[in-house]
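Some notes on the structure that comes next.
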Amino acid sequence: MEDGLQKPYSSAGTNSEEITTDFPAGNAPFSKDPFLASTKWGNQTSVTTFILLGFGGLSHLHIFLFLLFLVIYVMTVTGNILILLLVVANQHLHTPMYFFLGNLSCLETCYTSTILPRMLASLLTGDRTISVSGCIAQFNVFSSLAAVECFLLAVMSYDRYFAICKPLHYASQMNGRFCLQLASGSWVSGFLASTVTTSLLSQFTFCGPNEIDHFFCDFTPLIKLSCSDTSVMELVTFILSCVFTVVGFFFILISYACIMSTILQIPSTTGRQKAFSTCSAHLIVVTIFYGTLIVVYLLPDTAALKSLNKMLSILYTVLTPMVNPIIYSLRNKEVRKALRKTFRKTGLLRKE
């Protein structure tokens, strides 16, 4: 009888730890296996290692994918660190807008480094295993930074709203202390929200199978492997996702609607076109980021969306961290001027 209970949850070639627990009738733990759930006495096999399937179906493209994601990672880290250093070193960039951009660049560097190095190592070596504790840690850091970015992008839109729509009150409203409170509030709220979900996740038992059909430890693929009751976790995550994505996205849309309304009153056609170009670029990146998050975390997990979600995850974990420095900073005249000045000082660019 014991062998029959353990076999469905054993994983050949992976590390697992068998934990045998007796439960009185009526107090058996929740299980996705109907046979185990209906028994009076049951054994559980708790896996200690997960396998991230990643792009396993594209094994013939692993070298190409490795080189592609390596280039993207180097570009992302280089671009964001460059923006961060420029904001810190250049006195002309010590303004609220660039203060928030510096926070965003720091966040994007950490954000992409949480996922891509592990994925690159997997593509190069073929080792797709990750410990349960390592998987939960990756989910904790990733979800924290994603939540921080949701709030930080909303804060940045609020800053632009005041700068364009209420310029006379901008200097007094967006002072150094208030900017620091907004930035620190974004970081603290993001990590607090993730701590709640991670504390719930760390109490789960994972009984197998131990294969995660994703390239990183994301929420939906992870809880599918749990044999614990995940209903509370799913409800809490849904509520937090609504607060951070839907509310934040609508706040940004309202802010940019007000900005667009103000821009339309600019008498200069050239000025209007330039402002529209900047705002539309911002909105495209924001829509991609929030839109993919909403589809992945708020829509029902159907078979049709299963394969699509993995591709959408690439957009908010890989694409947006790479293009944000270009869209928000490198297209800006002041940043390009500071960059040229820095290059001249270091001898990388000849003086005019």
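Quick reminder: no glycine exception, Cβ is built from N, Cα and C everywhere.
All annotation found in TrEMBL is predicted automatically rather than curated by experts.
According to TrEMBL:
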| type | residues | note |
| --- | --- | --- |
| DOMAIN | 79-328 | domain 'G-protein coupled receptors family 1 profile' |
| TRANSMEM | 63-86 | transmembrane segment |
| TRANSMEM | 98-116 | transmembrane segment |
| TRANSMEM | 136-158 | transmembrane segment |
| TRANSMEM | 178-201 | transmembrane segment |
| TRANSMEM | 235-259 | transmembrane segment |
| TRANSMEM | 280-299 | transmembrane segment |
| TRANSMEM | 311-330 | transmembrane segment |
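Contacts between the transmembrane segment (311-330) and the transmembrane segment (98-116): present, as 3 or more C-beta pairs lie under 8 angstroms, all at sequence separation of six or more. Looking at 98-116, 178-201, 235-259, the range that has the most CB pairs within less than 8 A of the transmembrane segment (136-158) turns out to be 178-201. Within the same chain, residues 55, 93, 101-102, 105-106, 108-109, 112-113, 116-117, 119-120, 123-124, 318, 321-322, 324-326, 329-330, 335, 338-339, 342 sit at least 6 positions outside the transmembrane segment (63-86) and bring their C-beta atoms closer than 8 Å to a C-beta of that stretch. Packing against the transmembrane segment (235-259) from elsewhere in the chain are residues 146-147, 150-151, 153-154, 157-158, 160-161, 164-165, 190, 193, 196-197, 200, 219, 279, 282-283, 286, 290, 293-294, 297-298: each is 6 or more residues past its ends and has a CB under 8 Å from a CB in it.
Computed over the domain 'G-protein coupled receptors family 1 profile' (79-328), the whole-number mean pLDDT of the model equals 88.
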